Amino acid sequence: MLSRFLMLLIGVPLAILLVIFCVVNRHPVTVSLDVFGTMPQYAISAPLFVLLLAGVIFGLLLGGLGTWLTQSHYRARAARRRREVEELRHEVEVSNERLRRLREERDLLPDLRAQPLAVPVKS
C-alpha cells in the first residue's frame, strides 16, 4: 500500500514533467555523429525529446546488460547449489528408504530380548 502511494506521489509528477518536456521540445534538432568532418555525413535529425528518451532507454538497456553480465557468477553459483541440493535430497530419500527397509527387516526378526538366554552348564 505504501509503495503504491509512493509510486503515485513520485511517478505521476514525473510523468507530467516528461509530457511537458516532450511538448515543449518537439522541434527537430540535428545531431552529427561525425566529429571530425565539417560536412556531417552521419547526422540524425529528430525532435530533441526523441533523442533524449532514446539515450535514456539505451543507457538503461546498457546498464541492465552490464549488471546482468557482472552477476553471471552469482547465477552460476546458484545453479550449482541447486544441483547440490537436489543430489542431497536424493541421497536423503535413498537413506530414508534404506532405513525403512532395515526397520521392517528388524521387525520381522524374533524378539530375542523376551527369551531367556541359554547359558551352557558345565558338568
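For all residues, glycine too, the Cβ spot is worked out from N, Cα and C.
For the coiled coil (78-105), the mean pLDDT of the prediction comes to 97. Residues or ranges marked as coiled coil in TrEMBL: 78-105.
Here TrEMBL flags 25-92 as domain 'Lipopolysaccharide assembly protein A'.
What TrEMBL records for 42-70 is transmembrane segment. For the transmembrane segment (42-70), the residues of the chain that approach it from at least six positions outside its boundaries are 21-22, 25-34, judged by C-beta separation under 8 angstroms.
For the domain 'Lipopolysaccharide assembly protein A' (25-92), the number of residues in each DSSP class (helix H, G, I; strand E, B; coil) is 44 helix, 10 strand, 14 coil.
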